[in-house]
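Participant: The structure that follows is given in the form of structure tokens.
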């Protein structure tokens, strides 16, 4: 399952949910395809917006309100050291579907140093045509693919998900912010495949006062119907379930409102947990669990700026979404594949959402593209044989490498939460977590003497190693070599998140004329996007 990330200043969590069918892959992996009966391999990644590491019972959330996800972990494998590719939604999703860091695939900005950027509806850019997305590659192995929920990789026609490999889409190109007056800004459209079928707050209502919306139930039914149809057709499938009920403004359907000890955010989590349970139950009913790989994770950490009413928990980790501290990028992650992945296992493999790209291709018997750098790792050796692979985790914020983790050690080259100006206005990405010299409100450079933390002993990044210690010097040598190798071969992609234009917003999406929903755009005035943090 996959998650979507929040827009600037809001909290979101996402899961990655999908189903792959695989032709002969690793030994024993195959798919069911007519006319001759074979095993069917499906991959179901689920992605949740801004869900924090500490939001699941299996990760220690004290209310224990996620029985289905906890059962999924008990029947599968837990990854406690799993990371998003960015502390914000759009870049992390682009990385997930391309297997490449946002600095490579263009999902960053050069409008300021170390600035987070995403795809609001005035953004001009989106996923470049030159990037190979996972569903596009899976077509080579006969997979049907569907995205349910938030796309967030560009809303203009050339960036449509069906132009980048998906066969079906039900969801929206942007976050569910609003309502807008359709004069200064249009409400966000909801699409079925190529055309809009309505707009948020109009045909798809969200009650901001009560938090009631039926969207998660609609997204659940879309997923279940797609899986049933592919099973009837005996076709392998990839389902990317990118729902956003935990993204502020948080919503849940009426049966779940008021049921959580955690408030409205907990209501949304409970509904998502229930939906995951129904997805796994259908796989059991269809008798394809042993041929279906399901992965649950998030696109960035919980947005503490929206907590406690509209945001989640990052457990013991520092800060949240928008930051490159652990709370901003370490995610809940569960792999489920009954009969293949041993039940009740914990893997200490350092993992990334980009690994789902490479792992999915391996399941389908496909090799990653050889004409570009792929940052994702194949997780099958870790999941099936317990084999761990040494690899770094790079923490980028915009165009800047902020930190790197290697083994148990994390080195910060830059520290920054947000500006003093924003902080004094009440915008706080680290509420109650001030760490002197670490959670800084000015951009502090540490490239010559990085701040290094041992994440095993100090997961909250509160006690940097002494610069004079042997442990620091040994860790610094390893980190320095990895960073030099990375930067030596790095070729940044063309930045996609630099230019904004009010005229490109969702004024007249395809299909608007059939609904009488076309709006008149303003004069086209391209300008530099402003990214304050």
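Every residue gets a Cβ built from N, Cα and C, even glycine.
A quick note: this is a predicted structure, and the numbers were derived from the prediction, not measured.
Residues or ranges marked as domain 'Sulfatase N-terminal' in TrEMBL: 51-365. TrEMBL lists 89 with the feature 3-oxoalanine (Cys). As annotated by TrEMBL, Ca(2+) binding site applies to 89, 299, 300. Summarising the annotation, TrEMBL assigns active site, nucleophile to 89. Under the heading active site, TrEMBL lists 152. Taken from TrEMBL, the feature N-linked glycosylation site applies to 214, 434.
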Participant: By CA-CA distance, flag whichever of 152, 299, 300 among the recorded positions is nearest to residue 434 (N-linked glycosylation site).
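Facilitator: Nearest in space to residue 434 (N-linked glycosylation site), counting only the recorded positions, is 300.
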Participant: Given the residue listed as 'active site' and residue 89 (3-oxoalanine (Cys)), what distance in Å do their CA atoms have, once rounded to a whole number?
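Facilitator: The residue listed as 'active site' to residue 89 (3-oxoalanine (Cys)), Cα-Cα distance: 8 Å.
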Participant: In angstrom units, rounded to an integer, how far apart are the Cα atoms of the residue listed as '3-oxoalanine (Cys)' and residue 299 (Ca(2+) binding site)?
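Facilitator: A Cα-Cα distance of 6 Å.
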Participant: Please report the Cα separation of residue 214 (N-linked glycosylation site) and residue 299 (Ca(2+) binding site) in Å, rounded to an integer.
Facilitator: 22
Participant: So for residue 300 (Ca(2+) binding site), how many other CB atoms are inside 10 Å of its CB?
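Facilitator: The answer is 39.
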Participant: I'm checking region-level scores; what's the whole-number mean pLDDT for the domain 'Sulfatase N-terminal' (51-365)?
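Facilitator: Mean pLDDT, the domain 'Sulfatase N-terminal' (51-365): 97.
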